[in-house]
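K.L.:
According to TrEMBL, the feature ATP binding site maps to 49. Annotation comment: TrEMBL describes 289-299 as compositional bias 'Basic and acidic residues'. What TrEMBL records for 14-277 is domain 'Protein kinase'. Taken from TrEMBL, the feature region 'Disordered' applies to 280-299.
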């Protein structure tokens, strides 16, 4: 096995078919279990083992951490895992799509209060159940959250950066637009991994409501982030979100981690919110965001 493409290969008792995605660290394939008469379709993540023991241990930790929460609600089930030669394989149920596609490609949540409320509640349930098990994700983003064709049936996946330590000293992990200010860079200070996850949840909610990202990084050199810190009300105006939602996001994105809302409090606020949007300006208003509201993330 000298490439990421295992199409047509029989690995253990799984027959691999098409590649679903590939990146620097591995690939994901469709596959079936040949020992089953009517096998469901699986998505198998294939990761090349790191050469040094520390990073290899980190890869195996992903399997251990995911397995410990696999039965939690709204968490992607880890059906199987095994190692063959230089690769680690993680077997998951095949999901129709991830939330990145639902949010930014199909825009299925745009101005659909009921759908946003239902799907985001499922995201909250998944993250909270992981936290209760002592697992902190640290890379929450739409690409790591699976859903069905309707945008519900949420399943949180990819625990590659997860940790069992609530107090962490290894900053600089995660995906920058979703990373909280205290986690952006490695420093001598520890941070609270649970509160860092809460920051990321706020970004995901903003994605769902606006089909946009608020900033590229939560750092003073980012003009959008500085605009938010300086004047949150003015920052939110172009997005035409409701006042209750702007207040909620302001409380989630508190630069002081200890002052951020808890997940149960966020869930209650979402359920009590009549709408995430301001009224349309006219009955002929466009059903999609204006150019000023276009996404800041790469497709």
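Yeah, the Cβs are placed from backbone N, Cα and C, and that goes for glycine too.
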K.L.:
Just to be sure I understand the packing, how many Cβ atoms besides its own are within 10 Å of the Cβ of residue 49 (ATP binding site)?
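P.N.:
Other Cβ atoms found within 10 Å: 13.
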K.L.:
Tell me whether residue 49 (ATP binding site) sits in a helix, a strand or coil according to DSSP.
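P.N.:
Going by the DSSP assignment, residue 49 (ATP binding site) belongs to neither helix nor strand, so it counts as coil.
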K.L.:
Restricting to the domain 'Protein kinase' (14-277), report the mean pLDDT as a whole number.
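P.N.:
Across the residues of the domain 'Protein kinase' (14-277) the model's pLDDT averages 95 on the 0 to 100 scale.
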